[in-house]
Amino acid sequence: MRIKRTSNRSNAARRVRTTAVLAGLAAVAALAVPTANAETPRTFSANQLTAASDAVLGADIAGTAWNIDPQSKRLVVTVDSTVSKAEINQIKKSAGANADALRIERTPGKFTKLISGGDAIYSSTGRCSLGFNVRSGSTYYFLTAGHCTDGATTWWANSARTTVLGTTSGSSFPNNDYGIVRYTNTTIPKDGTVGGQDITSAANATVGMAVTRRGSTTGTHSGSVTALNATVNYGGGDVVYGMIRTNVCAEPGDSGGPLYSGTRAIGLTSGGSGNCSSGGTTFFQPVTEALSAYGVSVY
């Protein structure tokens, strides 16, 4: 049974998030979408782009992610290797009169939730990565991905599941992708660091920001933010909104791990495609939203 917070977005809220200003898409191979007039490119209004976004959501094709590019005034739809030409045509058909607003791009690999401070944490459902240690007064918690805490109750520090860390006290997935675990083991060190990097504050991502990710599978990798407020359809009804898109690689087991920029906490690893041998696209839950939802802070 899934544990969910009661803060799921309404359709109206989703539309607001979708129409937020976005930019900086990663370089991926494009599938050309013909325009009505190639010599004079059309421009599309915010309402048309929102309608196109709703149409892509309604098409419900797993392995897709989309966000608005304010420079070209197009809805950029990224499709992974599992999406067929027929499904791409289905997306275009769903967009109807706004199909010309779509720019469809192909990325290698498959979008997946990456379940299997970066340190490994274990539940009855698998292994994830600890995001950031946080606190509210004298009570200590850690943040991780919501698809990790969804359905998980107790968390351990080792694969043998003999050293208890704590219990899930909140989870928000799908729609969002964050969860919080309250420490119940008072003997566990609760450093406010990620590896050797001290984390002193939290910040919102910006396009082009240099960022670093740490995870229990692949360790530490760096890259940059390529877009904001992306929607990702992982399949099976698991759609998340408002994600940070990056060109930082990640692999299964890295889920929930921290994304940071210097001393600032930025996000929690959600999912993506590719791997750390060939590269890939990875999406992150903004950490400021989770901190606000649970009334906690980094330290």
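Every residue, even glycine, has its Cβ placed from backbone N, Cα and C.
Here is what Swiss-Prot records for this protein:
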- 1-38: signal peptide (SIGNAL)
- Cys128-Cys148: disulfide bond (DISULFID)
- His147: active site, charge relay system (ACT_SITE)
- Asp177: active site, charge relay system (ACT_SITE)
- Cys249-Cys276: disulfide bond (DISULFID)
- Ser255: active site, charge relay system (ACT_SITE)
| message | For the C-alpha pair, I'd like the distance in angstrom between Asp177 (active site, charge relay system) and Cys128 (disulfide bond), rounded off. | response | 13
| query | According to DSSP, which of helix, strand or coil covers Cys249 (disulfide bond)? | reply | coil
| said: List every residue in the same chain as Cys249 (disulfide bond), at least 6 positions away in sequence, whose Cβ is under 8 Å from its Cβ. | reply: Thr218, His221, Gly223, Gly274, Asn275, Cys276, Gly279, Gly280, Thr282
| If you count Cβ atoms within 10 Å of the Cβ of His147 (active site, charge relay system), leaving out that atom itself, what do you get? | 30
| Rounded to the nearest angstrom, how far is the Cα of Cys128 (disulfide bond) from the Cα of Ser255 (active site, charge relay system)? | 5
| query | Between the disulfide-bonded residues Cys128, Cys148, Cys276, where is the Cβ count within 10 Å the lowest? | reply | Cys276
| message | Taking every protein chain in this structure into account, which of the active-site residues Asp177, Ser255 has the most other Cβ atoms within 10 Å of its Cβ? | response | Asp177
